[in-house]
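*Asks:* Features from TrEMBL:
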type     : residues : note
TRANSMEM : 7-26     : transmembrane segment
TRANSMEM : 38-59    : transmembrane segment
TRANSMEM : 136-154  : transmembrane segment
TRANSMEM : 174-194  : transmembrane segment
TRANSMEM : 220-236  : transmembrane segment
TRANSMEM : 256-275  : transmembrane segment
TRANSMEM : 282-299  : transmembrane segment
TRANSMEM : 305-324  : transmembrane segment
Amino acid sequence: MSTNLKYLSLGILVFQTTSLVLTMRYSRTLKEEGPRYLSSTAVVIAELLKILTCVLLVYKDSKCNLRTLNRVLHDEILNKPMETLKLAIPSGIYTLQNNLLYVALSNLDAATYQVTYQLKILTTALFSVSMLSKKLGVYQWLSLVILMTGVAFVQWPSDSQATAAKEHSAGSQFVGLMAVLIACFSSGFAGVYFEKILKETKQSVWIRNIQLDAKKYSENRGFFGSIFGLMGVYIYDGEQLSKNGFFQGYNKLTWIVVVLQALGGLVIAAVIKYADNILKGFATSLSIILSTLISYFWLQDFVPTSVFFFGAVLVIAATFLYGYDPKPAGNPIKA
């Protein structure tokens with residue numbers, strides 16, 4: 001049963017990662033009449049869906065008892081204000097990161113984005129060393145060097161990719177690259193910070209997710225993330241919001257992107273529980289390959305080059321190598 005769950009969660013991760021990147025890219029470059037949907041509002045709605053899903057999961061863990069659910073949420077969130085305050089930092093950072101992903105995919109093709117975004121392995125490793133005092137092995141440090149080299153090759157400018165980008169993107173590759181790099185640093189810091197909090201307390205992952213997300217967008221309780229998310233909407237898109245409304249430009253594709261983004265964190269939680277590092281590396285590799293093929297044959301906004309393929313192979317190899325855990329030869333001596 002555990003094996004089936006492991007491969008099922010792996011398959012769901014590949015589907016969610018690949019489909020989110022491709023649909024988000026397509027939705028941001030699709031030329032339609034009228035105003036385009038605001039990415040800041042899409043982030044807000046995705047987080048609201050995440051809250052609802054987490055509450056339902058806690059409800060299930062509470063044996064479908066509303067009184068128990070209410071007591072758990074009250075005891076773990078409202079009665080622990082200092083624990084909730086600790087999540088103000090990652091709440092704001094995750095809001096920034098989610099908005100940056102829209103910026104990145106408005107300026108980069110899906111394949112280049114997928115490969116470049118693997119730099120979050122590097123930032124997470126560096127933050128883990130500095131914040132959690134983790135020690136990396138030789139294979140892990142080597143994989144980080146290979147990773148940086150691979151991303152450098154992927155970002156190597158070429159005439160064919162520049163032409164394709166101009167035809168399908170409203171911005172520049174530099175803007176997209178900067179957005180990905182900032183997202184990688186924010187992802188690494190927020191992820192390690194969240195791990196640090198989890199190790200210091202005994203609350204469930206679902207409760208922590210509710211704290212993170214409810215703080216983002218709960219108007220009634222005034223959680224921190226609601227301020228961050230809604231401030232982003234009104235500061236950056238306030239003028240368009242007043243003209244065309246909160247749901248301007250929304251269509252079926254937009255709602256698919258929102259749902260896929262909402263499911264992302266929950267899928268990762270399932271993979272962490274059931275899959276190992278090798279399988280997660282395998283999922284990343286499959287997602288990169290699928291994104292490359294679909295970008296070339298379907299979206300037609302990407303022209304692969306030998307330099308890109310070489311860099312992508314290095315990134316995939318680095319992903320596997322980082323999760324490699326060499327086992328000592330022979331049987332350990334028991335005391």
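Glycine is no exception: its Cβ is also placed from the backbone N, Cα and C atoms.
In TrEMBL, annotation is done automatically, which means it is predicted and not curated.
I'd like to know what surrounds each of these features in this structure.
*Replies:* Counting residues 6+ beyond its ends, the transmembrane segment (7-26) has Cβ neighbours under 8 Å at 101-102, 105, 109-110, 113-114, 253, 256-257, 260-261, 263-264, 267-268, 270-271, 273-275, 279-280, 282-284, 286-287, 290-291, 294-295, 298-299, 301 in the same chain.
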*Asks:* Do any residues of this chain, six or more beyond the ends of the transmembrane segment (174-194), have a C-beta under 8 angstroms from a C-beta of it, and if so which?
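*Replies:* Long-range Cβ neighbours of the transmembrane segment (174-194): 87, 89-90, 93-94, 96-97, 100-101, 103-108, 112-113, 116-117, 119-120, 122-128, 131-132, 155, 208, 212.
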*Asks:* Taking a Cβ cut-off under 8 Å, which residues six or more beyond the ends of the transmembrane segment (136-154) line up next to it in the same chain?
*Replies:* 112, 115-116, 118-119, 121-122, 125, 129, 307-308, 310-315, 317-319, 321-322, 324, 326
